[in-house]
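Listed features, source Swiss-Prot:
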{"type": "SIGNAL", "residues": "1-25", "note": "signal peptide"}
{"type": "ACT_SITE", "residues": "105", "note": "active site"}
{"type": "ACT_SITE", "residues": "160", "note": "active site"}
{"type": "DISULFID", "residues": "199-236", "note": "disulfide bond"}
{"type": "MOTIF", "residues": "301-307", "note": "motif 'Nuclear localization signal'"}
């Protein structure tokens, strides 16, 4: 059988279109930067890697920011934006300092301004009768908008648990979900962060007590078999991404979720990688509105052709 002369060109065009759709997709990441404070800020090699990781993402959650002077994010903006006029500029939104007693951390979202904007935000208040103060660091809930993605609006609920109370904190995210829905008219949710959701902190028998896992409307993108830790001596799926909402679940780019091994990507030794963090980032992509529309048209066309043949 001979190939039509246009076949190679058509194949190349299809590959180009697929690559373009992947490029247009919005990459969302979650990264526990491990004790991100003054000492790490002075480690230039580690900071260079952190900036590279942030630049890979269109929107990234940064956790374990420990900086009472609030200099970390302004410093990052200076490194990301510089003084020149760039086509891509970054902005951020950051929580207040959260935690019990004197130990405090902050959540921060860094995002590309031309792709993402913040609609509104609030700190979840964990004051339920008989079940108070479950979270070590209450979620800093942010409602984002992106005009370029198939799903235009989505809420991100970040969480960094205390290892010993991970099971209860992860389960409590369902109450956060209910609270957000009662305040905002939105159905598309992303729960992401360092859940400490693996190994001894969340043993297999504990999953049956976690509503975020047992309720099928919550879709886990990072599976139990993943390793989000840098140390070779450990293999634990601590960092997770969970979605809720049919629209956002359907908008995920196939095979886009996973762990970003920056040690391998940037050819670092384990010691050099640990200077950056003891966690690898986790990520996934949301389809662009153009890709999503074209995919729906393609499916519709295939169905029509199939119907015509019957």
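Any Cβ shown, glycine's included, is placed from N, Cα and C.
It should be emphasised that the depicted structure is a prediction, and the values quoted were computed from it without experimental measurement.
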- Count the other Cβ atoms sitting within 10 Å of the Cβ of residue 160 (active site), across every protein chain shown. 24
- Task: Measure the Cβ-based neighbour count of residue 105 (active site), defined as the other Cβ atoms within 10 Å of its Cβ.
- Result: 20
- Students should find that the Cα atoms of residue 105 (active site) and residue 160 (active site) sit apart, in Å rounded to an integer, by 9
- Cβ neighbour count (10 Å, all chains) around residue 199 (disulfide bond) is 14
- Query: To the nearest whole angstrom, what is the C-alpha distance linking residue 160 (active site) and residue 236 (disulfide bond)?
  - Reply: 15
- Message: Can you tell me how many other Cβ atoms are located within 10 Å of the Cβ belonging to residue 236 (disulfide bond)?
- Response: 19
- Message: Which secondary structure state does DSSP assign to residue 236 (disulfide bond), in the simple three-class scheme?
- Response: coil
